[in-house]
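So the structure is just underneath, and the comments pick up after that.
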């Protein structure tokens with residue numbers, strides 16, 4: 001009897017948890033190796049980490065202003081659509097669906113699987129097939145939860161945000177204690193210029209920015225935020241500052257306990273740190289790190305499903321994915337769409353190649369979104385925004401993003417060329433399907449397919465949901481009976 005829409009269930013605390021939960025994930029536990037490898041020394045790696053944090057703050061402030069100017073959900077996609085037009089927004093959607101998001105989800109899932117199994121196989125490395133199997137199980141669990149309930153997904157994100165901060169604290173405290181005792185030997189010759197290779201710096205920034213990525217997540221759920229004009233800037237500023245401080249202290253702790261060779265040789269830096277500094281927690285910290293990655297997976301699925309939902313509503317994606325479950329109020333088709341590609345990338349992917357593969361496309365379009373803020377200001381000077389940043393912030397952020405993207409062609413031409421090809425492959429799709437008027441025959445065929453999507457598949461999803469609900473209730477009743485009997 002009521003209208004079906006995505007409810008406003010994201011409060012300030014949940015927005016803060018979404019940002020913290022998305023930023024503090026696998027990145028701080030796997031990226032130190034990539035940053036150090038491509039920056040060359042401890043000192044330059046710390047400079048890269050701080051620079052990435054400052055750059056993330058600039059980008060987050062730009063997105064906070066865009067979120068108060070443009071009232072739709074959808075993140076990068078809707079900002080590019082509203083400011084630069086339908087072609088670049090479709091190219092982003094194309095690259096995001098086929099490259100950026102599945103690769104990002106695969107990286108986080110693989111980190112989850114690796115840290116989850118590490119205590120069982122230490123000091124040996126966990127078998128790769130087992131890591132990939134556990135990674136997929138974790139991803140499918142989050143997928144099911146996001147299909148089930150928006151409220152429970154948000155509550156899980158809040159709880160896991162606390163776990164993430166606890167995991168960072170368990171790394172920071174022993175490292176700071178050792179540093180206070182005078183263990184500074186690993187910081188000798190911290191800025192060794194001979195090991196610095198300038199053309200590798202973009203890859204160091206990619207690894208660092210991957211660890212900070214997530215500062216834009218509130219823009220994907222703008223329509224579901226309570227008081228977005230106030231809560232978006234507040235949540236963004238507090239969360240990014242918190243993460244910058246936490247990341248800098250965490251990296252100092254890593255280098256206090258581990259030397260550069262240990263960091264570069266370790267497949268799981270946090271586990272190596274605990275083995276050296278805090279052996280009593282050798283089985284606890286990897287689990288906390290795995291739960292941290294679990295929260296990042298949850299945040300990624302939660303937000304990207306909204307991008308597909310908005311794109312369908314704007315007419316650039318099949319209408320099926322703008323549907324909402326009539327009882328659960330979740331964008332069920334949009335949530336379920338990603339799992340085949342993520343499954344494929346987890347099965348065949350390697351973490352560091354996947355990082356370079358999707359980072360090119362991601363930062364290209366983030367730079368275009370902040371460029372769109374400058375264009376939007378110029379086109380609509382009369383538009384009042386409750387939150388406004390100085391012009392040099394979007395200008396400098398856009399220039400740095402696009403410059404880093406251009407420089408990355410020299411650093412890793414193979415992976416970057418694949419990412420560039422993926423983006424450019426969206427051109428013919430856009431002009432053949434979105435831009436160009438279809439013939440009557442194609443239109444009729446599309447109408448038949450659309451009728452099928454509107455009539456058959458929704459009933460299938462509804463029946464499947466009812467079946468799973470019934471089975472879950474039966475299972476809960478059995479568990480309760482067993483507990484009472486015990």
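Each Cβ is built from the backbone N, Cα and C atoms, and glycine gets one as well.
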144-161, 306-323, 360-377 - the range that TrEMBL marks as transmembrane segment:
360-377
Residue list, the transmembrane segment (203-221) vs rest of chain: Cβ under 8 Å, 6 or more residues beyond ends.
10, 15, 18-19, 21-23, 25, 27-28, 31, 33-35, 37-39, 45, 48-49, 51-53, 55-57, 59-60, 63, 66-67, 73-76, 79, 104, 107, 228, 231-232, 235-236, 239-240, 243, 247, 296, 299, 302-304, 306-307, 355-356, 359, 362-363, 366, 404, 408, 411-412
The transmembrane segment (233-257) versus listed stretches 42-64, 76-100, 120-142, 162-183: most Cβ pairs under 8 Å:
42-64
Close approaches to the transmembrane segment (42-64) from elsewhere in its chain (Cβ under 8 angstroms; 6 or more beyond its ends):
32, 35-36, 79, 186-187, 190-192, 196, 201, 204-205, 208-209, 211-212, 215-216, 218-219, 232-233, 236-237, 240-241, 243-244, 247-248, 251-252, 255, 260, 366, 369-370, 373, 387, 389, 393-394, 396-397, 400-401
